[in-house]
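According to Swiss-Prot, the features are:
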BINDING   CYS341, CYS401, CYS404  [4Fe-4S] cluster binding site
Amino acid sequence: MSRTLYDKVWDDHVIDRHLVHEVTSPQAFEGLRNASRRVRRPDCTLATVDHNIPTTTRKKFKSITTFIDEADSRTQCETLETNVKEFELTYFGMEDSRQGIVHVIGPEQGFTLPGTTVVCGDSHTSTHGAFGALAFGIGTSEVEHVLATQTLLQKKSKNMRVCVEGELTPGVTSKDVALHVIGLIGTAGGTRCVIEFCGSAIASLSMEARMSICNMSIEGGARAGMIAPDEITFEYLRGRPLAPEGAEWDKAVQYWKSLKSDPNAKYDIDVKIAASDIAPTITWGTSPQDVAPITANVPDPSSVSDPARKAAMERALEYIGLVPNTPLEEVKIDKAFIGSCTNSRIEDLRSAASIVKGKHIADWVYAMVVPGSGLVKRQAEREGLDKVFTDAGFDWREAGCSMCLGMNPDQLSPGERCASTSNRNFEGRQGAGGRTHLMSPAMAAAAAIRGYLTDVRKFSSTPMVPRSPPPKFQTIQPKVEDEAAHKQAADQADPVTDCPPAGSPVNKGAPVASAMPAFTTLKGVAAPLAISNVDTDMIIPKQFLKTIKRTGLGSALFYGLRYDPATGAEKPDFVLNQPAYRSSKILVCTGPNFGCGSSREHAPWAFNDFGIRCIIATSFADIFFNNCFKNGMLPIILSQEQVDTLAKYATQKAEIEVDLVHQKIRYPGGEIPFDXMIEEFRKHCLVNGLDDIGLTMQKDSAIEKFEAKRTSTWPWLDGKAYKGKATKVTAIGSASQPAKKLDW
C-alpha cells in the first residue's frame, strides 16, 4: 500500500524528542511530583528558557533571580531550573551560549532528526517538520504525559499536500510562501491535517527557509507541517553535536532516504500553487489569513458578501486602525521586530542586513534584532552583522522569544504599529493594543528604513531566497574568547543540568487512576458568542500565562472583551458580564475555528475556572480541541444550522442540557444527537473522570518492547547517556587545538 511521508513516520514512531520551556511545563512537573512519577526518558528531553526572559545584555548576568525583574516571569524561570535539577534533565540556561528559542536550538544541536516525532508545549513545534519529522505542539497535560511515559494518546490526522512549483522571484522568501498559503486555505484550512510541503520551489530552499514554512503551518490550522528530507537536510545535520556519527550516520541516512511519499500515495486535500504567483506578502488584519501582496490596498469589507467574513474584516480593521482602500505602502509604522522562532536564524539576519547595510532607520522608528540563540548571535557577530544593524540604528539583543508575544519586557504600547517577522498578528499579541503586520525579515528591514510598509524589491540589495545549506558548523562552533575560563566552566559544570544521567527509564510510585471530575450531564443557560476565529490570545491574554498553577484564571477569561482596558471596569455588553450568563456552564459559538492559535492549556484552564465545561461550535483548532479533553471539558462540533438553533435558545435564555452519556443535546422542543462526534475512549475517560497517564502506565511492558525495538532499529534516537552509554561534557576547542563539538 502506498504511503505518504506522514504515514511512514506515524507507523514507525511514538515520541522520540521532547523540548521543554518555562511557560507550559511548571504544572506538568507538579503533576509528576504529586503522583510520585519520574521522567521516563531524560535522554530524549531538552529544556531551556525562552518566552519570559529579557533580551537585554547579559554581560553582568549572575542568576535568573537577580536578572529578571518581573516577579511572575522570574518565578516561572526559577521553577524550571528547580524542576530540571530535580528530574535530571538537560538544560540550557541563560549563562549557556547554547540557550535560545526551543525551535532554534533543537535543529542547530542535531536534537531534531528526520523521521522523529518531536513534541513541545508550544504550537510552533511544527517548525521541526522541515526535517521530515512529525512535530506538533501539545498542552501541559500532554507535556506531563510525555514526561511520564514518553508516549501520547493521539488520533491520526488526515493527509494534506501543498505543492509549490516553479522558481520564486527575487524578493520573495519562504515567509512569503507561508503567508500566501495561509491566505489561500485560511486559518482553518488545514484543520485535522498534517500538511506535506513539496514541489520544486520547496526543494530548492535551504533548511532554515524550510523551517520558516513548517513553523507557519499551524497558522493554517494544521496539526503539523512536513518536508521530505534530502541531501540539503543531511548536509545541514552532518557533524551537529547530537547527530549520529560514523556507521550510525550511514545507517541513519539510509533510513532517512526512505522518508518520502510513495508515488501513488493518496492525499485527502491537495493544493497546487505556482511560485510565480507569490509576491512579497504582509498581513493587514488580526489573523494570519488576512494577507495581501505589499502592492495591494487595504481590503474593503463592503465588497464581501458573506456576513460573518464581513463582520470579521470590520472588526479587524477597527482594531488595526486602517481605512479600506488605503495603499499598504502608505501605512506608517512605529517599530520593527526581526526575530522569533519563525525568522531569527542566521540566514534571516543576513537577509535583513543586506537591506539595511549603509542605510539608517527612519527617525520615528524603533527597530530591534533578536537572534534565535546564543550561537546564532555569535555567528552573526563574527560576520559583522551586528555592526551593520547597530550602524543602521537597530537595537542588537540577546536570544529569546522577545516581541513575538508580550510575556517579556519587549512589547508594543497601545496603538503602536509593528513590522514583525513573527508568526501571529492577533489582537494584543505583541502588547495590549499593539498592531502587528507579519512579513519576511527583508520586508521588515525595508519598513524600518523607510518608516512605512514597503516593497523590498524597490531596494537595490534585494536578497534572493536562500537556496543552499549554510557553511558547515557555522551556528554550532562559537568562538571561545577565553579558553582557560571556558575550560574551567566546563570542568565545573553541573552534571545534572549539562548532561543527562546514565541509566534506564525510571518510574517511581503507583499510577494515579483518577484526576478529573466526571462529566455526565450539564444543564443550564448557555452563553452565546458570535465571533469567528476565537483565538487563544483572545481567550486568555499573554500576561496571564505567567503562572505555575492550573487554577485562578477564570477572571482572565476573555479579559480584553470583558473589561475596559483603561479602567478595568466590566463591559456590561459582553455576554459573560450579563446576569443571565455569569454562571453559564455551556458556551455556544456561532463562528468557526474556535481556539485557534497557541497550544497554551491556560485557555481551557480559564474556561474551567470560570465554570464553563462545554463549548459548542462548528469547528475547533486541533490543539485546543485536544486540550479540552485533558481537562474534563467537552468540545462538541455541530453543523452551522444546529449551532444557530442552540444560539437562538441561548439568546432567549432558555435552558440547554448536554447529556454525554446518551450523546444528546436537549433544548425546548427538540434534541440534537452528537453520536459520531466523540470517540468512545474519550467519552469513557470523561464520563469516568479517568487520568489517561495512569491508564498509559498500565501499558509499561508494551512501551518497553517498543523502546527495545527502537534501540535496535534506530539506535541514533537513544540519547548519548541512555542505559550507560558514555557521555562527557566537552570544552570547545582553542586556537591551538582543533575545535571540538559542543556536547551534552
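Any Cβ shown, glycine's included, is placed from N, Cα and C.
Neighbouring residues of the recorded [4Fe-4S] cluster site, listed in sequence order and excluding CYS341, CYS401, CYS404, comprise ASP50, HIS51, ILE101, HIS103, HIS124, GLY339, SER340, THR342, SER344, GLY400, SER402, LEU405, SER422, ASN423 (Cβ within 8 Å of the Cβ centroid). Note: CYS404 ([4Fe-4S] cluster binding site) has non-local neighbours PHE337, GLY339, SER340, CYS341, THR342, SER420, SER422, ASN423, ARG424, ARG429, GLN430, i.e. same-chain residues 6+ apart with C-beta under 8 A of its own C-beta. The highest number of surrounding Cβ atoms within 10 Å, among the binding-site residues CYS341, CYS401, is found at CYS401.
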